[in-house]
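TrEMBL has this to say about the protein:
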type	residues	note
DOMAIN	64-221	domain 'CP-type G'
DOMAIN	73-219	domain 'EngC GTPase'
BINDING	N113, K114, V115, D116, G164, P165, S166, G167, V168, G169, K170, S171, S172	GTP binding site
BINDING	C244, C249, H251, C257	Zn(2+) binding site
Amino acid sequence: MILVGRIVKGIGGFYYVSTEHGIIECRARGKFRISNIIPIVGDYVDVESQNFKDGFIVNIHDRKNQLVRPPVSNVDQAIITFSIVNPDLNRLQLDKMIILTEVNQINPIICINKVDLVDEDEYMPIYNIYKKLGYEVIATSKYDNIGIDKLKTILKGKTSFFTGPSGVGKSSLINCVHGHERQEIGDLSEKLNRGKHTTRNVELISIDGGYVLDTPGFTSLNLNIDEKNLKNFYKDFKVFEANCRFNSCLHINEPNCGVKDAVENGLIDKTRYSNYLSLYGELKTNRRRRY
Ligand SMILES: Nc1nc2c(ncn2[C@@H]2O[C@H](COP(=O)(O)OP(=O)(O)OP(=O)(O)O)[C@@H](O)[C@H]2O)c(=O)[nH]1
Ligand SMILES: [Zn+2]
């Protein structure tokens, strides 16, 4: 019979598909190789199985989106993780990551981690800036057990992955949220792994009706947009753009710029704006290098 399921793990030509009858170990039918579509973790698929133990993937449903590194499809949200200190939170990198996820039609969730290391007044200003912009923001600490329940609520029913710079605590948070629910699937994958140097395979961990990628994603930070479109990703500029003299105003050197006025008057966060200028310059330089 045919079942619909989701690939939660792939290893050595086998795909582990989560269905209403449990995890089914599948191979892909040859026709995928012909059409050059390779099933990846996250895919919704039709599975043909007689015994609910093993079977064949016979169809891959259209993907909503797809990450390249690691390869995974149909993700809803990115938990953009930065530690407040150790390493210090880098606002330019944060804004860049927010835009990167939005470009990929993935909902950004901002996670300020390691808040046990500072007083509240050290992270609340940043928290409030992004909250005011309409983003979902959480402050977390694995040591003081801050924000972990809220994080779990955010992950409920969604497919999420963690992203952010090195050392900010992404792996720690992944471990926190899956707790003891994590289970190894498929005897075969263990056999294949044993005593061999296999590359780390990504896996979607099931939690609370949702899934979390077991490895951080989006490690390369190539924002590939036209610098002239950058302003469209700044929600905080929107209302003030009506005051710009020119419709095409990029809010850089133009006279009578509503956005620059708003920055002067403290209505737009200064760091947001100065990082906008940096990012604009960076994108422009990158584009010139490409052509
Ligand atoms: N004080 C404090 N330290 C933390 C917290 N979470 C993680 N750490 C520490 O930060 C260091 C890095 O944590 P990881 O979870 O490995 O960070 P990561 O983001 O996965 O790092 P990469 O693997 O380099 O990408 C470790 O020494 C953790 O113990 C926290 O909430 N508070
Ligand atoms: Zn302007």
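Every residue gets a Cβ built from N, Cα and C, even glycine.
Keep in mind that this is a model prediction, so the values were computed, not measured.
In the structure shown, across all protein chains, V115 is the one of the binding-site residues V115, C249 with the greatest number of other Cβ atoms within 10 Å. Counting residue by residue with DSSP, the domain 'EngC GTPase' (73-219) contains 53 helix, 35 strand, 59 coil. The GTP site in the record is lined by N113, K114, V115, D116, G164, P165, S166, G167, V168, G169, K170, S171, S172, and its two most distant CA atoms lie 19 Å apart. C249 (Zn(2+) binding site) sits 32 Å from G164 (GTP binding site), counting Cα to Cα. Filtering V115, V168, H251, C257 by Cβ distance to ligand 1 (under 6 A) retains the following binding-site residues: V168. Residues from the binding-site residues list (N113, V115, G164, K170) with a C-beta closer than 6 Å to any atom of ligand 2: none. A simple way to gauge crowding: the CB of K170 (GTP binding site) has 24 other CB atoms within 10 angstroms, across all the protein chains here. Taking each of the binding-site residues V168, C244, C257 in turn and counting other Cβ atoms within 10 Å of its Cβ gives the largest count for V168. When the alpha carbons of S166 (GTP binding site) and H251 (Zn(2+) binding site) are compared, the span between them is 33 angstrom. A Cβ within 8 Å of the Cβ centre of C244, C249, H251, C257, the residues given for Zn(2+), is found for these other residues of the same chain: E241, N243, R245, F246, L250, I252, E254, N256, G258, V259, K260.
When the C-alpha distances from N113 (GTP binding site) to the binding-site residues C244, H251, C257 are tabulated, the minimum falls on H251. If you measure from the Cα atom of H251 (Zn(2+) binding site) to that of V168 (GTP binding site), you get 33 Å. A distance of 37 Å separates the Cα atom of V115 (GTP binding site) from that of C257 (Zn(2+) binding site). Applying an 8 A CB threshold to same-chain residues 6+ apart, the list for G164 (GTP binding site) reads I80, T81, F82, M97, C111, K170, P216.
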